[in-house]
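Here the structure is laid out as structure tokens; the discussion comes afterwards.
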Amino acid sequence: MDNDRESFIAFTERDDFDKDQKLNSDFYPDPKYGYSLLEICCYHGSVDCFKLLITKFKSEITKTCLQFSFLSGNADIMSECLKAVQPDKECMEYAIISHNIDFVTFLRNEHRIIIDMDSCYMYHNLQALLVLLDQIDDVNVCFILSVSFNIPSFSQYFLSHGADIKYKDNGGKTALHLAVRSNYKEMTEYLISSGLDVNLKDNKGLTPIFYASSSNAKEAAKVLISHGANIKAKDSKGSFPLHIAAGFNCTETADLLISYGMDVNAKNKKGRTPLHFSILQECKETAELLIADGAYIEAQDDAGFSPLLLAIGKNKKDFVEFLISHGANVNIRNTLSGVTSLHCAAYFNRKEIAEYLLSHGANIKSLDNSGMNVLHHAAMKNCTETAEFFISRGAELNARNEDGKTALHIAAENNSKEIAELFISHGIYTITRDKDGKIALHSAAENKSKELIELLILHGVDVNSNDKNGFTALHYAAMKNAFEIAELLMSNGADVNSKDIEGETALHIVAMQNSAETIELLISHGANTNEKDNKGETALYYATKKHNKEAAEILILHGAEATNAEKCAL
């Protein structure tokens, strides 16, 4: 950094010196990639250290070395790098950043590298822009680029030479959009006074007031509003400028919009208010402002989520605390589903938030509109840690929802093995039946939850248990054509010829589906190919009825007796 050759030599003579080491630091342009010692020398213009590395250690000159040399501006380093590497557009960008017009013109003239307009604008390099404009035969492009330098007379020059003040760039932005984004008050006033409409939209339907709102350009926003800018304009999602200001934590602009009459509780197409935006984007200062100006803290969007429920979902404990400290109802319910704050914490496995909510009066016994408690919600996502916490605080382990399902049923449906183990270890009933007479084993088979089936069998659940329709777990496996599940069940004693209330076996069911592999499996475990249901029909009858030729052929091969009609069908 200091080009201290003697100190650098001493550094290289250490036993642990590695000439190929890389340095990662936020100080440099791209911190996620490490930089070599030689590249760092180029960045800082440390020519003596640079020469030592390339002569004594034969360090490789990379593209990055050359790019950085245009940034530091050391001619000796640059010259050496140019011998090894061809310059590219990144070199031009660094030359523009360095504001060295000689480097810019060198790259343009000697290597035909185009001067990048955006870089000129971004790094406020007027000289580079003038060189570029000298080559551009488009007065409109020159005009819109000139705005970035906030010199009204400069922009006026191009207007006087025929530039269209309403000209838009590729994104549909006018000069006013660009001036406002940078909070250039005088330029904003000049453009409006020159006839530019304050409510012109870009390609995304955004007027300049949206740009002011997203960049906290308060002074430019004042000018826009004083000249008739519509603060109630909507973007494509139905959001107002206040939503945008809230989402970007642009407190000053938000305050200005409110002072001019913008409704603090206005909703976009999703029913979200500016407060929703501020919570989602973690903009606490703007959230404070909105609440102080009357934002409804319990407002729910079209999906039924209040700011508090959103904060829980996003795992923003500090915002949960913030909202509750400002009066948010700790037991608020989603108006559509009846889900409470604790249900959200359970579903998203937010243990710390759950602890905080309970300490502030959240009701652990609350049920949603489907009759589910916190453990049902935890089971959906296998949220073991939070479920264990709720159990320790008295959550009802064997509670049933409106379908009669316990949390174990829900775990089985979602193959949530770890949480199922937790429930069983705490004594949940493994054979509780839902309204259809299903136990958790049936739910596991229906949803192909192999690990849950193994767990339930391990804990003694009857593999041949029937539901109200007479279905066993094997019937459900057959319905889903779940070969692996069927094999697991039969290897643990499932009766392959068990019948449902219609007299159908698993073989009848798979024959309808033309599941050749599963048919072979069932037969290999003793399925009776001539077993009849209550209508007197065999599996072969259903295979032929469904035109499942392969299934029918397998059944006949294994002894199924075909009627004349069935033979004709084949």
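Cβ atoms here come from the backbone N, Cα and C positions, even for glycine.
The annotation domain 'DUF3447' is assigned in TrEMBL to 57-131. The repeat 'ANK' feature in TrEMBL is assigned to 171-203, 204-236, 237-269, 270-302, 303-335, 337-369, 370-402, 403-435, 436-468, 469-501, 502-534, 535-567.
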Chain residues in Cβ proximity to the repeat 'ANK' (270-302) (below 8 Å; excluding those fewer than six residues from its ends, i.e. six or more beyond): 237-240, 242-251, 254-255, 258, 264, 308, 310-311, 314, 316, 318-319, 322-323, 326-329, 332, 334-335
Other than its close neighbours in sequence, what residues sit by the repeat 'ANK' (370-402), given a CB gap under 8 Å and a spacing of at least six beyond its ends? 337-339, 342-351, 354-355, 358, 364, 408, 410-411, 414, 416-420, 422-423, 426-429, 432, 434
Per DSSP, how many helix, strand and coil residues does the repeat 'ANK' (171-203) have? 16 helix, 0 strand, 17 coil
Can you work out which residues elsewhere in the same chain, 6+ from the ends of the repeat 'ANK' (535-567), have a Cβ less than 8 Å from its Cβ atoms? 502-503, 505, 507-508, 510-516, 519-520, 523, 529
Confidence over the repeat 'ANK' (535-567), expressed as mean pLDDT on the 0 to 100 scale, is 85
